[in-house]
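Worksheet: the structure to be examined is printed underneath.
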Amino acid sequence: MKKDLISNQAQLDDSGKLIHLLGLENLPKSYLVDILDKADNLIDSKGNLKKSKALDDMSVANLFFEPSTRTRNTFEIAAMRSSANVINVDLANSALKKNEALMDTMHTLKAMQIDMFVIRHKQSGLPHHVAQHLEGVSILNAGDGINAHPTQALLDMLSIRQRKSNFEDLSVAIVGDITHSRVAHSDIQALKTLGTSDIRLIAPEGLQHDSSRCEAVRCFDNIDEGLKDCDVIIVLRLQKERMIEADIPNEQEYFDNYGLTPERLALAKKDCLVMHPGPINRGVEIDSAVADCPQSIVLQQVTNGIAVRMAVMQILAQNS
Ligand code: NCD
């Protein structure tokens, strides 16, 4: 589906209530801040996640058509901690393998009284399509092709907000395979919505941001220039599964030119945060010494993923 045909319009009902979470484009700042505040309130003073009855009697289905460790399991934990019943649909052994059309599978699951569907799919726009054609349920986009990964961006914003007071004054650098990264696209959107004044995108030419989406960001092909004095670095994996063979960079060359090493990290501010959505490929986009250094909040991002996903599901449950 072409980017300009993918619209998040379906995620708000006629009265402006959030009924699906498809993407962050056109989502007002107050909605985004509400989700972050709710997520913060779900974390107690010791950093533990609270339990809630908000999804009592509701059923959530996870449909992951692509591999996932963090997103799938944190969605599952978030639903369970909100008291929902959860099923992880076994897609590899489902009727889809007998050529059932996806929408027939979706209607079938809905007939089992599923209230929320968490969908990850390689096709950009697929969750949006389902949201438009399946009434009476909520759709949560857990990553669609190269288009969007809204809950990842929300957990990234929560992780930044817990440590830095003001988005307006931040310099945030996103480094790596931006072209194929739905995380980058949603992070850029969330940072813009929150008023971040300096968003820098660092990538080799073939992996840089689509110029048509380039407003209000600065693009760099030199990592040392791009990292200078920044407050946050978000590192991305080379998403080879979305590249054609001939475009896959040599890993050693890529690490030499774009890998985040301790020397390069020293170009940023002293208290610069290092983030990564995972999975990490050590020695390709990030040096192990950086991945494990005290500035790295990669594992905190994972925990925050549960809080953010609980918050989103609870808001959707309230609005349904
Ligand atoms: C990302 C994704 O799937 O888009 N991972 C994630 O959700 N934690 C990034 C990636 O796969 O590199």
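Positions of Cβ are set from backbone N, Cα and C atoms, glycine also.
Under 8 Å, Cβ to Cβ, and six or more positions away along its own chain, R70 (carbamoyl phosphate binding site) finds P277, G278, P279, V302, G305. If you look up TrEMBL, you'll see R70, T71, R120, H149, Q152, G278, P279 marked as carbamoyl phosphate binding site.
DSSP assigns R182 (L-aspartate binding site) to a helix. Sequence annotations record features per position, and here TrEMBL assigns L-aspartate binding site to K98, R182, R237.
When pLDDT is averaged over the domain 'Aspartate/ornithine carbamoyltransferase carbamoyl-P binding' (20-162), the result is 96. Marked as domain 'Aspartate/ornithine carbamoyltransferase carbamoyl-P binding' by TrEMBL: 20-162.
Residues or ranges marked as domain 'Aspartate/ornithine carbamoyltransferase Asp/Orn-binding' in TrEMBL: 169-315.
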Rounded to the nearest Å - Cα separation of R182 (L-aspartate binding site) and H149 (carbamoyl phosphate binding site): 5
Nearest of the binding-site residues (T71, R120, H149, Q152) to K98 (L-aspartate binding site) - Cα to Cα: R120
Those binding-site residues in K98, R120, R182 whose CB falls under 6 A of ligand 1, listed in sequence order: R182
Residue counts (helix, strand, coil, in that order) that DSSP gives for the domain 'Aspartate/ornithine carbamoyltransferase Asp/Orn-binding' (169-315): 64 helix, 24 strand, 59 coil
